[in-house]
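Data block below; observations after.
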C-alpha cells in the first residue's frame, strides 16, 4: 500500500500567512532588526535581549515591569516568525506616519520630539541598511539640526510619509 500524501494545511489569518503581508525587502529589514535586538544570537528575543538593546541605545535603567509588559505582548517565546507576526498585527491598519513616529519615539525616551544628531548619525551609519557619508550629508541638508545639535524627527516622519516638508506656521 502506497503511503498517503500529507495534505497541505493552510492557516487563514495564522502566523504562516504573516510572510505574505510584507515584501522580501521588508522581511529582510525586519530580520536585521530582529538580529540587532537578539543580543545573544540564540534566535529568541528575551527580557535580557531587550534590556541590552535599551542599554545600547543609552537607556540604562529600564524597569523590570516595563520589560515584562513588552514580553507579555507575545504569547510565548519570541522567534523571528512571532516577531514578524507581532509587527504585522501592530502595523495592520496603522497610519504609516504614526508607525514611523513611534519608531523614533523609542529613541527619544524623554519625549522631547528630538534626537541628538550625533546619536542618529551613528545609528544610520552603523546599523542595518547603513547610510553612506553622501546620504548623511544630504539628510543634514534636508533636516538641519538646531544649535543644540538636536534633530526634529516629527518633520522627518512627515516628509517620509508625505514627500514634502510641513509648512512652518
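A Cβ is built for glycine as well, from the same backbone N, Cα and C atoms used for every other residue.
Summarising the annotation, Swiss-Prot assigns N,N,N-trimethylalanine to 2.
Residues annotated as phosphoserine in Swiss-Prot: 15 (among others).
The phosphoserine annotation in Swiss-Prot covers 16 (among others).
Residues or ranges marked as domain 'EF-hand 1' by Swiss-Prot: 25-60. Across the residues of the domain 'EF-hand 1' (25-60), the predicted structure has a mean pLDDT of 89.
DSSP assigns residue 25 (phosphothreonine) to a helix. For residue 25 (phosphothreonine), no same-chain residue that is 6 or more apart in sequence has a Cβ closer than 8 Å to its Cβ. Here Swiss-Prot flags 25 (among others) as phosphothreonine, drawing on similarity to another entry.
Look at residue 35 (phosphothreonine): DSSP puts it in a helix. Under the heading phosphothreonine, Swiss-Prot lists 35 (among others), citing similarity to another entry as support.
Residue environment of residue 38 (Ca(2+) binding site) contains 20 other Cβ atoms, counted within 10 Å of its Cβ in all protein chains. The Ca(2+) binding site annotation in Swiss-Prot covers 38, 40, 42, 49.
For residue 75 (phosphoserine), the same-chain residues 6+ apart in sequence whose C-beta sits under 8 angstroms from its C-beta are 82. Per Swiss-Prot, the feature phosphoserine maps to 75 (among others); the stated evidence is similarity to another entry.
Remote same-chain partners of the domain 'EF-hand 2' (95-130), defined as residues 6 or more beyond its termini with a Cβ less than 8 Å from a stretch Cβ, comprise 29, 32-33, 36, 57-59, 136, 139-140, 145-146, 149-154, 156-158, 160-162. Per Swiss-Prot, domain 'EF-hand 2' is recorded for 95-130, and the stated evidence type is sequence analysis.
Feature annotation from Swiss-Prot assigns phosphothreonine to 101 (among others). Within 10 Å of the C-beta atom of residue 101 (phosphothreonine) sit 19 other C-beta atoms, taking all shown protein chains into account.
When Cβ-Cβ distances below 8 Å are used as the criterion, the domain 'EF-hand 3' (131-166) is approached by residues 96-97, 100-101, 104, 107-108, 112-118, 120-121, 124-125 of the same chain, each at least six residues removed from its ends. The domain 'EF-hand 3' annotation in Swiss-Prot covers 131-166.
Ranking the binding-site residues 42, 49 by how many Cβ atoms sit within 10 Å of each one's Cβ puts 49 at the top.
A Cα-Cα distance of 10 Å separates residue 42 (Ca(2+) binding site) from residue 35 (phosphothreonine). The CA atom of residue 40 (Ca(2+) binding site) is located 28 Å away from the CA atom of residue 101 (phosphothreonine).
A sphere of 10 angstroms centred on the C-beta of residue 40 (Ca(2+) binding site) encloses 11 other C-beta atoms. Non-local neighbours of the domain 'EF-hand 1' (25-60) in the same chain are 19, 67-68, 70-71, 77-80, 83-84, 87, 106-107, 109, 119, 127-129; each lies 6+ residues outside the stretch with a CB under 8 Å from one of its CB atoms.
The two recorded residues residue 49 (Ca(2+) binding site) and residue 101 (phosphothreonine) have their Cα atoms spaced 23 Å from each other.
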